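Asks: Quick one: the structure is below, questions incoming.
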Amino acid sequence: MGTARFLRAVLLLSVLLMVTFPALLSAEHHDGRVDICRLPSDSGECSRFFGMWYFDGTTCTKFVYGGYGGNDNRFPTEKACMKRCAKA
């Protein structure tokens, strides 16, 4: 029973890595810098409710930010988001 549970955990971890790793790679520039505009929205770890904006690959979209943590694809206004992430 313990071996089956361990193998299930390894399989789950493998699937999570296969799904997550390409997304992280696609956010990197060739020189190793992360393009914050390609990161997914991340509401953070707290339970506050701040209206913020993130770039979804096409346009800026409003989301609720918890106030702590998350990533840098987070802007206080739609204008700031578009200025940083929208390509001319």
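Cβ coordinates are placed from backbone N, Cα and C, and glycine is handled just like the others.
The shown structure was predicted, so the numbers you read here are calculated from the model rather than taken from an experiment.
Under the heading signal peptide, Swiss-Prot lists 1-27, citing sequence analysis as support. The disulfide bond annotation in Swiss-Prot covers Cys37-Cys85, Cys60-Cys81. The domain 'BPTI/Kunitz inhibitor' annotation in Swiss-Prot covers 37-85. Annotation comment: Swiss-Prot describes Leu39 as site 'May bind Kv1.x/KCNA', evidence class similarity to another entry.
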Asks: Pop the Cα-Cα gap between Cys37 (disulfide bond) and Cys81 (disulfide bond) into the table, whole Å please.
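Replies: Rounded to a whole number, the Cα-Cα distance is 9 Å.
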Asks: If I restrict to non-local contacts, at least six residues apart, and a C-beta distance under 8 angstroms, what lies near Cys37 (disulfide bond) in its own chain?
Replies: Phe55, Asn73, Arg84, Cys85
Asks: List the Cα distance (Å, whole number) between Cys60 (disulfide bond) and Leu39 (site 'May bind Kv1.x/KCNA').
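Replies: For Cys60 (disulfide bond) versus Leu39 (site 'May bind Kv1.x/KCNA'), the Cα atoms are 12 Å apart.
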Asks: Which of the three DSSP-derived classes (helix, strand, coil) applies to Leu39 (site 'May bind Kv1.x/KCNA')?
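Replies: Note: Leu39 (site 'May bind Kv1.x/KCNA') is coil by DSSP, not helix or strand.
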Asks: I'd like to know which of these recorded positions, Leu39, Cys81, is least surrounded, judged by other CB atoms within 10 A.
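Replies: It is Leu39 that, of the recorded positions Leu39, Cys81, has the fewest other Cβ atoms within 10 Å.
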Asks: Going by DSSP, is Cys60 (disulfide bond) sitting in a helix, a strand, or coil?
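Replies: Looking at the DSSP assignment, Cys60 (disulfide bond) belongs to a strand.
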Asks: Which secondary structure state does DSSP assign to Cys81 (disulfide bond), in the simple three-class scheme?
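Replies: The residue in question, Cys81 (disulfide bond), is helix (DSSP, three-state).
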Asks: Count the other Cβ atoms sitting within 10 Å of the Cβ of Cys85 (disulfide bond), across every protein chain shown.
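Replies: Result for Cys85 (disulfide bond): 21 neighbouring Cβ atoms inside 10 Å.
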